[in-house]
């Protein structure tokens, strides 16, 4: 993986952690997720007239990805409602790179070298190791279930989108169509279900929703572009270095509890990042 691609994926990781922190700071996580996604879709609708259509062969992947992402957004909101971000986030993000690496050979024919496997395993071990040094706080077994279910959705949409974007011929267009098709169903459902509460929430937090929408759109567009330049499993693992940014945000800005062992986990994750760069 080139240095330029790696730096862009790390920047995407920071953007990803930032929009997750916006959601965690909200009194209503589900509505935040709905409006963040809808804001991203609004940016897409403005931009799509100026972009070419993705190749026809990529449209089934866009459709499947949209369905998976709906489950993803619902599950992430449920996990954050039921427990601390610092507990749910490592579970949701630590397992997917390993799942993607295991599936990428038989599913998409990408074989990893021993060095690449080493980097991916170090990143996953560091992320999951955060659970051993992070107080559970208000988290419950229910939090863990939601987070692990979300890990499966992350692995699934990563493989689907990594394959689809390579067929699309235009990563930006692929990303924007995916968001544009994902947001309307979840927005209509949320407004119908929550009514006036949804309108009050939007009035109070519209500026944060725009920031979150821009972050999630830019983050995923960068990641998908990177998957056209490097193995999907490597990009997926590097993207999850977002946990370093996410835990820092949760401790310093959201005031969640933390233990000293975090620094050890951070060193393990960084070792994985360096290993991927050197392979």
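Placement of Cβ uses the backbone N, Cα and C atoms for every residue, glycine included.
As given in TrEMBL:
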type: DOMAIN; residues: 6-131; note: domain 'EamA'
type: TRANSMEM; residues: 30-51; note: transmembrane segment
type: TRANSMEM; residues: 58-80; note: transmembrane segment
type: TRANSMEM; residues: 117-134; note: transmembrane segment
type: TRANSMEM; residues: 146-168; note: transmembrane segment
type: DOMAIN; residues: 146-275; note: domain 'EamA'
type: TRANSMEM; residues: 174-192; note: transmembrane segment
type: TRANSMEM; residues: 204-226; note: transmembrane segment
type: TRANSMEM; residues: 232-253; note: transmembrane segment
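The transmembrane segment (174-192) shares more Cβ pairs under 8 Å with 30-51 than with any other stretch in the list 30-51, 58-80, 117-134, 146-168, 204-226.
The average pLDDT for the domain 'EamA' (146-275) in the predicted structure is 88. Note: the stretches the transmembrane segment (30-51) and the transmembrane segment (117-134) are not in contact (fewer than 3 CB pairs below 8 A, sequence gap of 6 or more). Secondary structure counts, DSSP: the domain 'EamA' (6-131) has 110 helix, 0 strand, 16 coil. Residue counts for the domain 'EamA' (146-275) under DSSP (helix as H, G, I; strand as E, B; rest coil) come to 112 helix, 0 strand, 18 coil. Packing against the transmembrane segment (232-253) from elsewhere in the chain are residues 1, 5-6, 9-10, 12-14, 16-18, 20-21, 24-25, 84-86, 89-90, 93-94, 96-97, 100-101, 104, 108, 110, 112, 116, 119-120, 123-124, 126-127, 130, 134, 158-159, 162-163, 223, 226, 262, 266, 269-270, 272-273, 276: each is 6 or more residues past its ends and has a CB under 8 Å from a CB in it.
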